[in-house]
Amino acid sequence: MDLPTACTGAVTVSKIPVIEIFGPTIQGEGAVIGVKTMFVRTYGCDYRCSWCDSAFTWDGSAKDIVRMLEPEEIMNELIALAGQNFDSVTISGGNPALLGNSMAEFVALLHEHGIQAAIETQGSRWQDWFYEIDTLTISPKPPSSGMKTDWAMLDRIMGKLKEQGKATHSLKVVVFDEQDYAYAKSVHQRYPGVSLYLQPGNEDVTEPGDISARLLGRLEWLFNLVIADPEMNRARVLPQLHALIWHNKRGK
Ligand SMILES: C[S@@+](CC[C@H](N)C(=O)[O-])C[C@H]1O[C@@H](n2cnc3c(N)ncnc32)[C@H](O)[C@@H]1O
Ligand SMILES: Nc1nc2[nH]cc(C(=O)O)c2c(=O)[nH]1
Ligand code: SF4
Ligand SMILES: [Mg+2]
């Protein structure tokens, strides 16, 4: 993407469409679950998952709060929010992999400040700045999402990350039903050397109040599928930890 650029004298600075900056919070999913992190959520997605818990990043309902920010401006906002109380930033969306140079600049700036960069993306686009990311989560989408996996693209992404040799990436598949579980298994078989995290789907992302009992019920269902399955001996099953604590609240 990277369309909007601002000319500041001789230097051209690319901007990032940001819909949310929040934290510090606790990373609630996947390989670095439990780690304190800030979040930067970018606007725009090339997918339209039926159950997306962050649809405001692409459905137009919150487009009025999107800001085009330079990497330096995002950095300043992170520091204004958290001071020294963080050393990790998770970039999510929407799909942050829609962004090229602007995101490469932001990741470099995080590293200049001694801050680790994590990314959440669905594996539909490659960016060379993936090589610089400390914790890369690739989350291909199962049938219940209504999306079709571009296997050639996913193979290309997983191939490039494998070549790089650093074990900084993992796969995370959300599972709503048995068909999704079969999909997760096919992902595991296709990329056997890569850590696979399974996460039960949140079936109602607008329900107010305490949803933890419902989510724990789905976690137990998924536990039981994996417990019974000799082909999933290495998979890890995790809840969305933040959703158990903060439910459907945004910015957590
Ligand atoms: C909102 S997405 C943004 C990043 C990227 N577009 C992606 O999907 O990986 C962040 C994570 O939330 C997961 N997610 C979205 N909606 C969910 C739901 N209803 N239940 C469980 N996980 C969900 C996605 O699968 C993804 O792993
Ligand atoms: N606490 C917390 N952990 C998360 N891990 C992945 C998230 C995301 O929306 O990408 C997320 C999120 O929104 N909040
Ligand atoms: S890919 Fe991620 S942000 Fe995009 S619609 Fe699906 S869950 Fe939502
Ligand atoms: Mg989330």
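Backbone N, Cα and C define each Cβ position, glycine as well.
Per TrEMBL, the candidate among SER61, SER92, SER102 that belongs to the substrate site alongside ILE26, GLN27, GLY28, ARG41 is SER92. Cross-referencing GLY94, GLY193, GLY209 with the S-adenosyl-L-methionine binding residues that TrEMBL gives (TRP51, CYS52, ASP53, SER139, PRO140, LYS141) picks out GLY94. For the pair formed by CYS49 ([4Fe-4S] cluster binding site) and LYS141 (S-adenosyl-L-methionine binding site), distance between Cα atoms is given as 8 Å, rounded to the nearest Å. Proximity to ligand 1 at the level of Cβ atoms, with a cut-off under 6 angstroms, picks out TRP51, CYS52, SER92, SER139 from the binding-site residues ARG41, TRP51, CYS52, SER92, SER139, PRO140. For the binding-site residues GLY28, PRO140, counting C-beta atoms within 10 A of each C-beta gives the highest total at PRO140. Proximity of TRP51 (S-adenosyl-L-methionine binding site) to non-local residues of its own chain (separation of 6 or more, Cβ distance below 8 Å) is seen for SER144, SER145, VAL174, PHE176, GLY201, ASN202, GLU203, VAL205, given in sequence order. Proximity to ligand 2 at the level of Cβ atoms, with a cut-off under 6 angstroms, picks out SER92 from the binding-site residues ARG41, CYS45, TRP51, CYS52, SER92, LYS141. In sequence order, CYS52, THR57, TRP58, GLY93, GLY94, ASN95, LEU98 are the residues near CYS45 ([4Fe-4S] cluster binding site), counting only same-chain partners six or more apart with C-beta under 8 A.
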